[in-house]
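Engineer: TrEMBL lists C276, H444, N464 with the feature active site. According to TrEMBL, the domain 'Calpain catalytic' annotation covers 221-526.
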Amino acid sequence: MSFNNLLELAKVHAQKAVQFDSNNQFEQAIFYYLESSQCLIDAKELNPKLPNLDKIDSRLNQYITRAETLKQLLNSKQSTRPTNSILKSLIQKDLEKCLCILKEALDADSDGNSNEAFDLYTSSVEFFLKIKQRKNEIKTNEEEKLFTSLKNNIENALKRAEDLKNLANPVENFSNISIVPPKIVSSSFTKDEIDVLRHGSFINGRDYVPFFPEIDSKEKFFLQIPFNDKDGKLALSPSQKSNFSKWARPDEIFENPTLMMSISCFSVKQTCISDCSFVASLTVCAQYERKFNKKILSKIIYPQNKSGEPIFNPCGKYMISLNLNGCARKIIIDDYLPVDSYNTLLCSKSTNKGELWVSLLEKAYMKVMGGYDFPGSNSNIDLHALTNWIPERLAIHGNHTEFNQNSDFDRMFDRLHSGDVLITVSTGPMNKDREDRTGLVSSHAYAVLDIRKFRDKKLFQLKNPWSHLRWKGNYSEYDVSNWTNELKTALNYDPKLACNVDNGIFWIDYESLVNFFDVFYLSWSPSLFPYTNCFHRKWSSVEGPIKDRYNLSENPQYVIKIKPNSKLNGAKCSTWLLLTRHITDKSDFAENKEYIALVVYKNDGKRVYYPMEPPPYKEGIRINSPHYLVKLVDDCSDTITYTLVICQYEKNNTIYYTLRAYSTMPFTLNEITEPYNRKYWKRINGKWEGITAGGCSNHRDTYKNNPTYEINVNNSDVYLKIELKGPQQFSVGFDFIYVNTNQTMTTGDLRKGYCVMTLNKLLAGVYRVIPFTFLPKQDGPFILEISSTHDYNIKLI
């Protein structure tokens with residue numbers, strides 16, 4: 001955000017603060033005073049040498065001082081006020097619900113949605129008439145004022161509903177009406193893809209259908225009766241159960257609940273649920289939305305007002321859009337939250353009293369994951385669900401890591417400040433002594449809020465999702481040797497002040513971070529890539545061998561052709577390939593026994609049969625994460641073609657997956673298909689046994705005893721594929737002989753348990769196939785599978 005934009009935003013926040021302050025809504029006032037202060041701090045960092053900084057400092061001190069004064073005032077009031085005095089009466093809650101329905105009617109009316117407006121006007125009138133019968137419940141001036149205001153507006157609502165009803169009356173003469181059939185919009189998905197996405201909807205025993213903004217944003221949120229989720233209450237975690245008192249709605253525990261005052265990373269706090277990676281993900285998203293003024297979390301929460309801002313719903317119904325199993329899906333929740341006997345929330349929350357967005361986003365995610373008894377996750381998975389950004393796991397340590405300390409720092413530094421990446425970082429397992437010594441938490445995720453360079457120093461600003469407990473080493477608030485005055489000024493950080501309040505935010509030098517942390521989780525903005533395409537597919541467990549060490553013939557394979565852009569002559573082309581396995585069961589998510597990989601070959605887009613022929617261009621280890629990313633960078637002066645092969649380690653289960661390609665250049669992505677007709681596929685079971693186990697042609701005396709099959713081809717221009725499958729302990733092959741000319745073709749070097757031959761444009765005639773093992777007397781079964789474009793006959797001779 002620019003310097004002027006920050007000053008403008010600071011002004012807006014300050015105006016809101018003053019308004020809340022004058023209305024004695026001190027908690028909201030404190031929040032906006034501090035928000036305005038943070039904007040001024042950020043502005044100072046952008047232009048530290050401006051001549052008018054004294055004015056900014058003066059305003060900054062004024063806002064912070066007022067916020068602290070209001071905090072003290074609130075603390076003194078809350079210590080003397082009975083807890084039940086802050087809650088609204090039932091009649092006031094219903095009046096506010098009715099007013100909310102009426103406002104939605106006005107919005108729908110102004111947008112030209114007559115049918116929706118009519119329903120909402122009608123609902124508000126009906127609701128008000130019910131409230132009117134309970135007028136004797138009104139006790140306070142505020143309730144009386146609200147009732148009177150609503151009464152006047154309801155009279156107008158009734159008139160407007162009548163007008164809309166008259167406009168909608170059908171005409172009397174039907175003879176002149178022409179019936180226009182509805183347009184049938186063709187789906188961009190194939191039937192197979194729709195089946196895959198439908199399968200991915202049923203997660204942990206509940207249905208989460210795809211989310212379509214144009215349709216689902218019109219979901220009916222505002223109801224006369226408080227909404228109750230038909231799926232019931234979520235399962236609680238053990239730590240919640242030990243303190244649980246009841247499920248409560250926000251207006252039962254807060255005086256003025258609100259959905260989102262102003263999104264801020266500083267207010268996000270994890271409590272008793274083991275979802276540190278999710279809370280760290282919320283934190284970096286909030287920081288991004290605040291810093292770049294681009295909606296990333298607020299746009300996935302419904303209902304929303306006309307400006308697209310999420311709003312508090314006194315009727316208790318919310319909808320969250322999450323990216324799950326190949327597409328955005330809608331998650332409907334009510335606003336019941338778990339609390340203890342003191343009405344303290346037993347879930348992640350905002351530190352701004354009554355602000356709900358953190359708790360509701362967490363509840364929606366926990367609902368999908370099967371309950372608050374969450375098995376844990378990582379930020380790649382969580383951020384992909386929240387944002388649909390591209391997940392990259394960057395291991396800092398280990399034999400297979402691609403981590404480069406210098407170049408990866410530069411990459412993260414540049415892209416974080418340009419708004420192209422969200423970053424979290426996680427520790428590995430640590431013993432108690434190491435935890436106590438460092439201040440870090442074992443196997444814990446931290447949000448990366450900022451990265452700075454100052455002279456020769458590289459520093460990261462992290463936040464512990466717990467909002468307390470900080471790093472104790474170099475550049476911590478207790479470090480007295482590294483914090484120079486120049487560095488404090490450059491980072492606008494005062495260690496002495498930081499010592500007074502532990503909010504979980506700290507600075508750490510890059511060297512220490514690399515030493516004490518295990519992995520970066522990077523989520524990249526898809527806007528970096530102007531071109532994208534994807535496939536949603538199913539890979540059945542019966543297709544291909546359990547292990548694909550020798551045979552890739554039945555693995556899903558795709559060809560991608562990247563085309564040069566004449567306008568970007570000489571530019572490098574970046575293409576990223578993301579394989580995502582769909583997960584629908586909590587136990588699968590917890591244990592994740594499926595190991596997947598995406599292997600890239602440079603072989604002109606042809607099908608790959610043998611894992612090492614040709615050698616892979618890009619191959620990584622099989623991992624048990626649902627996301628697998630491959631990054632390709634090329635000189636795009638000419639068209640580049642790759643074959644992409646999806647692999648599994650010990651395939652036992654059917655998997656459903658999405659393969660998505662992103663590129664800076666135009667490309668095509670297609671499944672590799674073969675020309676063969678399925679009805680001409682034949683499977684022949686045979687065996688090498690005793691004398692028929694003759695070995696290869698090196699053994700002239702016994703080779704002729706091998707089983708021999710004769711194929712009669714009646715057409716010309718026939719395409720044929722022959723596959724031989726045998727015991728993996730044997731090296732196998734076969735010869736293919738054209739009897740008419742006695743021309744022999746061979747599969748070449750013998751291979752463990754599998755070999756294949758493809759033959760194009762065969763002439764009509766008689767052919768023979770002789771399968772063999774390397775050595776004689778290697779007894780065992782084998783299978784011949786023949787695929788063809790035309791009919792043929794085969795027999796053992």
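From the backbone N, Cα and C atoms, a Cβ is placed for every residue, glycine too.
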Engineer: Under 8 Å Cβ to Cβ from H444 (active site), same chain, six or more residues apart: give me those in sequence order, or none if nothing qualifies.
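Structural biologist: Set apart from H444 (active site) by at least 6 residues yet with Cβ under 8 Å, we have C276, S426, T427, N464, P465.
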Engineer: Across the whole of the domain 'Calpain catalytic' (221-526), what does the mean pLDDT come to? Round it, please.
Structural biologist: 94
Engineer: Need the DSSP three-state call for C276 (active site) to compare against my parser.
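Structural biologist: Once the DSSP labels are grouped into three classes, C276 (active site) ends up as helix.
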Engineer: Going by DSSP, give the three-state secondary structure for N464 (active site).
Structural biologist: coil
